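Before any comments, here is the structure.
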Amino acid sequence: MADKIDISLYEKARIVVYGDIMLDRYWYGQASRISPEAPIPVVNVDQIEARPGGAANVALNVAALGASVELMGVVGDDQESRELETLLNKKSINCHFHRLNDHPTVTKLRVLGQNQQLLRLDFEKTLKHYEDKGLLQRYQHSLSHAQAVILSDYAKGALFNVTAPIQRAREKGLPVLVDPKSVDFSRYAGATLLTPNLKEFEAVVGHCRTDQELEFKARALIHQYRFEAILITRGKQGMMLIQKEGAAINLVAHAREVYDVTGAGDTVIAVMAASLAAGGDFYEAAQLANLAAGLVVRKLGAATVTVPELRRALHQITASHHGILSEKALLLAVADARAHGETIVMTNGCFDILHAGHVHYLEAAKAMGHRLIVAVNDDNSVRRLKGKDRPINSLQARMEVLTALRAIDWVVPFSEDTPARLITEVLPNILVKGGDYQPSQIAGGDEVVKNGGKVLTIPIKEGFSTSRLVEKMLN
């Protein structure tokens, strides 16, 4: 999973964060009685905390990954902005604030009883028609040593003229990632990547009844506004990555326990930016961002994720339960995975000579769930299907090659012409085959659907075919 990105390279990244800066206050206490004055809980406050919020929390997330970060935006000339700057300086974040006398620092006060949020108070005034040439010049200077830019738009006015920051960064060849709150995505035209949540995305395009509709509307926006990709975060459903080219990729959520989703989007865009700066592509970056989101929602409040936490989570995913299993052992492993709320994806094939098309297909299949099972035709089964000269590689050799791929969790052999019986035993959440199949043609598909599962296809990577490779070798 995302093994092509060396996350230790995060510390070499330099990222500029520009946007709506906020201060988050938290009052914690116990709510054990109802007020005699009104039917509301009385909170006995025993702890007060202040944290950076908005674009400042994005910068904090970037810094937690070890990257160098410059933060710029608008604040009030008040105690809140000075408190915020002190908090950020402690994390080695370089702040460039434009302070306004008649504008308060956006502050959000949350009151919690037994760690449950009871009330939020907002202290803010939205900027209208704001543009500061001095801040834009500072931004231009910062671009000269940056590898990526994050524009954190909370619709508070700091990015009223968002076109200029996008254009100046793109002129220097830098990726521009935008966390959008505006319902007018044309404002972000030319940006590299947008990271809306599902609610924000549907506020722009309308309700999407299916994943196909979601992908279609996202792709239309990509072409209309010259984006390279859109990453839609969907809470418990995970994420969907839609790029200019290729099929959309669904990434299943990793979180088993969710305590607080506050600031999870900030973590996602921070990891995306750091991963792109470290040389990753959108898919690899999204895998890591999805993993980070699963970690941060287990924490209370607007929290961050560190490289050691990411590394441990990656190790747990890649190290657990990989290998060739018997059918009996597979069923036990599947039962254990289901007990932990994991989504099971299954596919099958001969996989006689593994090629890049197979790897692309298997990675896309793994992205649909937590565990990927690959059922492999044994030698006699391949011979019946492909002819007496096949397979080229023995069953054991084929399975050993497959287990070397990190996308695959379990490999299991079967002897029949189709894996229908095995699929009926496993009953995966998602059954996958290549795009040259119709869902109605896929063995075992009917039973999976009856059990509430899905039968999906993945487009075939053009130019790759085992049969053509064999023919080429023979000739």
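For all residues, glycine too, the Cβ spot is worked out from N, Cα and C.
Residue environment of D266 (active site) contains 29 other Cβ atoms, counted within 10 Å of its Cβ in all protein chains. In the three-state DSSP assignment, the secondary structure recorded for D266 (active site) is helix. What Swiss-Prot records for D266 is active site.
L198 (ATP binding site) falls within a helical segment according to DSSP. Within 10 Å of the C-beta of L198 (ATP binding site) there are 17 other C-beta atoms, taking all protein chains into account. Taken from Swiss-Prot, the feature ATP binding site covers N197, L198, K199, E200, and the record attributes it to sequence analysis.
As annotated by Swiss-Prot, region 'Ribokinase' applies to 1-321.
Positions annotated as region 'Cytidylyltransferase' by Swiss-Prot: 346-475.
Rounded to the nearest whole angstrom, the C-alpha distance between D266 (active site) and L198 (ATP binding site) is 15. Neighbour counts of Cβ atoms within 10 Å were taken for the binding-site residues N197, K199, E200; the minimum is at K199. Sequence-ordered, the extra residues of this chain that approach the ATP site, with Cβ no more than 8 Å from the Cβ center of N197, L198, K199, E200, are P196, F201, E202, A203, I232, T233, R234. Per-class residue totals from DSSP over the region 'Cytidylyltransferase' (346-475), listed helix then strand then coil: 53 helix, 26 strand, 51 coil.
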